[in-house]
Amino acid sequence: MSLKKGSVAAHVVMGLMAIYFLLPFWWLLVAATKDNQGLFDSASLWFSDFHLIDNLKALFSQDNGVYLTWVRNSAFYAVVSGVGSTVVAALAGYAFAKLRFPGRNALFSLLLGLIMVPATALVLPTYLLMSQANLVDTIWAVILPSLLNPFGVYLLRVYVHDSIPEEMLEAARIDGAGELRVFTSVALPAMKPALVTVLLFGIVASWNNFFLPLVMLSDDQLYPLTVGLRSWYMSAIMGNGGAATFSVIVTGALMAIVPLIAAFLMLQRYWRGGLTIGAVK
Amino acid sequence: MTEVQTPPAAAPAAAGPSAAPGTRRSAKVKEAATGWLFALPFTILLIAFLLLPMGYAFKISLYRSTLLEGEVFAFFDNYQQAFSDPLVREGVVRVLIFGLVQTPVMIGIALVAALLIDATTSRFSRFFRLAAFVPYAVPVVIGTLMWGFLYSDSIGPLSGLGIDFVSGDTVLASLGNITTWQWAGYNMIVLYAALQGLPRETYESARIDGASEVQIALRIKTPMISSALILATLFTIMGTLQFFTEPLILQPLNPGAITQHYTPNVYAYNQAFSFQQYNYSAAISFLLGAVVFIGSYIFLFATRKRSALR
C-alpha cells in the first residue's frame, strides 16, 4: 500500500472519535460498580470498591421494586406497539402496492402528504382527545397512537412494489388461492426482510418513547423505563427525602441499555438494512 | 376464509384470456374489497391519531378560555399572541442558533467518519463503525441522563476541567454535544451507505491520475453523495426545531438557565401541563408543526434530487 501514512492518520482520527463515542459507556460501567459515596470520592474513570451487586439489590428494591415493573411495561409497550404497527403496515403496504381498489391513490397521496407531520406536535391534542375518551392514564393511551406508522407503510409499499412480481401473485390466484391466502402464503414470506426492519424500528421507537408516555401517564405503576428513570433523576437532583441515590440511578441506566446494546449488536444487519432503505433510496 | 369461495374447477379456465367476463368482474370486486379491508386498520389509525388530533389542535387554537364566558371563539388571537410573545421568540431564536451550529458540526463529524470507514478496511475500521453507532441504540432519555452525570461537577469525570457545563452560557453547547454524540453515528451509517453505492471506477481513475485519498474524499466522493447529505441535514434541522427531551431532562440541573420556555416545544408543554393554557399551547404546537411540515416539503421539492419521497 502506497498510502500507509494516510492510513495511519485515518486510524488516529477514528481512534479519537471512538474514545468520544465510547467514553460515556465506560464511565457508566465503572460508576455502576461504586456505592454512592464512591461516586463522589473516587476517580471517576477507574474502579474502586466493587458494589455492583449491592447496587443491583438496591435498584430492584427501590420504591417496592418499581424498576422491574417499568422494565416489564417498556417491554410490553414495545412488543405490542411494534408487532401491532408492523401488522397494520404490512396489510396497508401490500394493499397500496398490489391491490387495485377505489380511493387507493388518494389515500396513498394523503399518506405521503402527512408523513412529515412531526409527532411532537400531535402529542398535546392526542392527550386532550384521549382524556375525553377517558383513556388517559391507561396502557391504551400509550399503545394506540404507537400503532400508526406511516413511514413503515411507505417502506413496505416500496418494498412490495419493487420485489414481488405481479406474476407470482397471479400464479397463486390461478391455483385457486383467495386474496387472503395469496397475501399470507406468497406475499408475506417475500416481505420478510423488510418486515423485520419495520418491526425492529417499531419496537425501538416505542422502547425509546418519552414524550407520549410522559404526557399520558401519571400512575407510576404504568410508567415505561424512560419516564420512570427521569422521575427518579428529578427527585434525586431536587434532594427529595427517600429518593433513589445516584448509584441506584446509574445502575438503573446501565441495566436499561445493556439488553438494547446486546440486541443491537446481534441484529446489526437489519438495522443497517433499514437505514439504507429509509434514507438513500 | 375467502379462498373457499373460489370453485377449484374454475381455476384452470380462468387462466386463459377466454375467461368469462362475469368471473373477471367478480374477481375485480373481490380485489377491491380485499384492498379496502387491508387498508382499513391503517386508515382508521391515520384518521384517529393524525388527522383528528391535527384538526382538533387547529380548532382549539382558535378559541380562548375565559373565566366569565368559558370557551370563546377568538379567531387568530392565540396566533397573534404567539407571534408577539417574547418568550416564543426567545425559544425560536435559540433552536435556530442551535440548529445552525449543531447541524453542520454533527453532519461534518458524520461525513468525516463515513469517509474514513469507506476508505479503510481494517478490523479497527469495522470496530469503529459499531462504536460510533452504539449511542444511537441508547434511548435519548438515558443518553441525556448519562451526560447529565458526566457534566456533574461532583461525580463527573470532566469535573477536573473546572467548567460549569450547565451555566447559562454553556448549557446550549452542552445540549448540542449530547445530540451530536447520539446522532452522529446514525448519520454516519446513512452517508456510508450512500458512499457504498457509488461506482468505484470513478475514483480508481482519479487515483491513477495521482489524486490523493483526501482529494478523492473531498472532491469526488463528497459531491457525489450530496443528496444523502442534504437529506441528513434536513432531518437534523427538523429534529432540532422540535428539541424537547434533552432540555426537559437537564432542567432540574439549572432551572434558571434551562427555562420553562427554553425551546418552543418545552414552552408548549409547560403552557399545557403547568398552566393549563391548552388553547395557547395548541396554537404554538400547531405553528411549530406547520413550520416543520412546510419546511420539509419546500426543502425536498427545492432540492428535487432523488429523495426519500419518490
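Note that Cβ sites are derived from N, Cα and C of the backbone, with glycine treated the same way.
The structure displayed is predicted, hence computed values, not measured ones.
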Stretch carrying region 'Disordered' according to TrEMBL (options B:1-22, B:23-44, B:221-242) = B:1-22
Task = Sort out for me which stretch, of B:34-58, B:95-118, B:130-151, B:171-195, B:280-302, has the most Cβ pairs below 8 angstroms to the transmembrane segment (B:225-244).
result = B:95-118
Query = Thinking of Cβ pairs under 8 Å, which stretch from B:34-58, B:95-118, B:130-151 has the most of them with the transmembrane segment (B:280-302)?
reply = B:34-58
Ask   = Ranking B:34-58, B:130-151, B:171-195 by Cβ pairs under 8 Å to the transmembrane segment (B:95-118), which is first?
value = B:171-195
Task = May I ask for the residues of the chain that lie six or more residues beyond the transmembrane segment (B:130-151) and have a Cβ under 8 Å from a Cβ within it?
result = 113, 157-158, 165-166, 174, 177-178, 181-186, 188-189, 245-246, 249-250, 253
Message = Let me spell it out: take the transmembrane segment (B:34-58), skip the flanking residues so only those 6+ beyond its ends count, and list any with a Cβ under 8 Å from a Cβ in it.
response = 2, 282, 285-286, 289
